[in-house]
């Protein structure tokens, strides 16, 4: 294939099928996804506003929570609106560039979230194991720099992968058996050998997730050892409760991600629509649950949200009068 023909072929849009085999049920399937997206916007938006307006929450731990909220909003907005377009309007086409931009955001912010979760485990390690130096080690400026470094790491790792994928020639058959531009489903449409991009993505995923999860595990092992040495049972329970929300989010992120990845790599005899639904749920449900976990586990976030609601109620009453 000549360079000109390859360029022309790659300019053609891809076609998303939605949920393979369940096309007749797309309208009904869209209802829970629409609900989760609305709840994601409301929940994460409320957390961001609560932290922004309540000065008592201007601490590193809550800045990290805000970073997770921004990541969740980015995840959902990159995937759900187009997914609902497929379900509601049968708008299946997605431009070549738009497809890879969507993929870039999904993979980049997956890497960013892993970095932020690692930073949160370090934050809890310092707070519990070395509390007297907490304010000097984790300042607000350092917290922001950690977030920016996580973003830079994600962009630096995923940009070469996108370059490798976009330079591959893609066949005339542009049908992606998925509801978004899922990496493995798109690569299967390539007319050339994608082994280089496959090797790169495998190495990056293994090193990034492996290293982050090892350091997170080490942090929480040290935290658990420190908590068990506390003399007061009340202090132990308070420390464990503080870390409980973080552990819940970490498990939700890594277990859900691994399950989604392995089901895409190995079918295990499951129907295609099961694999697609698991991948869709992984990108839409955790962003909805994360702010609920914050509210359930963290008293300070609860109080910040209540203050925000009281302020909004007060504004409403004053405007009515």
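The backbone N, Cα and C atoms fix where each Cβ goes, and this holds for glycine too.
The transmembrane segment annotation in TrEMBL falls on one of the ranges 100-122, 169-191, namely 100-122. Cross-referencing 274-294, 295-315 with TrEMBL places the feature transmembrane segment at 274-294. Contact check: the transmembrane segment (25-49) against the transmembrane segment (143-168) gives fewer than three Cβ pairs closer than 8 Å, residues 6 or more apart, which falls short of the contact criterion.
When each of the listed stretches 61-80, 100-122, 143-168, 202-227, 274-294 is scored by C-beta pairs under 8 angstroms to the transmembrane segment (239-262), 274-294 comes out highest. 100-122 is the stretch from 100-122, 143-168, 274-294 with the greatest number of Cβ pairs below 8 Å to the transmembrane segment (202-227). Ranking 61-80, 143-168, 274-294 by CB pairs under 8 A with the transmembrane segment (100-122) puts 143-168 at the top.
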